[in-house]
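Undergrad: Submitted below is the structure of interest, expressed as structure tokens.
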């Protein structure tokens, strides 16, 4: 508030009587009893997750819907395993296009310091949002792998792994870019995400490399995403120490 004096004058009209020592001790005793019960309250966590879900941009959901439609359009025309792999390498990077802008919201609106001193740390906030948006991507990949496997009599687990290869690589690169690049403009945010998406789509030109080595590439992508998560944990630990003054 700019006019603090009027606010102080209003407050001073209602003086606060200091509580007696017995009242203070009684309050402390009741608080100790509640803490000793170790009651697990999950309402705040549920609301936290729900609020993070609501904060996800409508653009993200629109992209997921369009990508799902593209899978359906190509469902009957794509029959060979090689063609399905190319389809995954083309559409999955587009599905993950808006994950990076969702993560950059924290940096762009300069909310790291505020979140660091709240009940939920910045790492928890981004981890929940990353889990929510990634789960949607994973669900679509799983549904299409199941549908392609049943319809074309192919190995469903192999299709799922092949679909997760571009997904894992995209998530890993998204986390790495988020860790090391400071964005101050929404245009830069979208430009970086678009460049990353276009670069990942080019993997379809090298789909022949996955013909016999898809399993090794899949495990390599899993290691890459674990490495990216490890880097993020270290980065946020340093940031929390700086915010808490530890």
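Glycine is treated like the rest: Cβ placed from N, Cα and C.
Automatic, uncurated: that is what TrEMBL annotation is.
Note that the structure is predicted; figures quoted are calculated from it, not measured.
I grabbed these lines from TrEMBL:
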type     : residues : note
TRANSMEM : 59-77    : transmembrane segment
TRANSMEM : 84-101   : transmembrane segment
TRANSMEM : 130-151  : transmembrane segment
TRANSMEM : 163-181  : transmembrane segment
TRANSMEM : 187-203  : transmembrane segment
TRANSMEM : 215-236  : transmembrane segment
Undergrad: Which one of these stretches, 59-77, 130-151, 187-203, 215-236, has the most C-beta pairs shorter than 8 Å to the transmembrane segment (163-181)?
TA: 215-236
Undergrad: Determine whether the transmembrane segment (187-203) and the transmembrane segment (59-77) share at least three Cβ pairs under 8 Å, counting only pairs 6 or more apart in sequence.
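TA: No, the stretches stay apart by this measure.
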Undergrad: Below 8 angstroms Cβ to Cβ, which residues of this chain, lying six or more residues outside the transmembrane segment (84-101), approach it?
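TA: Those are 57, 59-60, 63-64, 67, 70-71, 74, 78, 130, 133-134, 137, 140-141, 148, 152, 154, 159, 162-163, 165-167, 170-171, 174, 177-178, 186, 189-190, 192-194, 196-197, 200-201, 203-204, 207, 210, 214, in sequence order.
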Undergrad: Can you tell me which parts of the same chain pack against the transmembrane segment (215-236), counting only residues 6+ beyond its ends and a CB-CB cutoff under 8 A?
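TA: For the transmembrane segment (215-236), the nonlocal Cβ contacts are 121-123, 126, 161-162, 164-165, 168-169, 171-173, 175-176, 178-179, 209.
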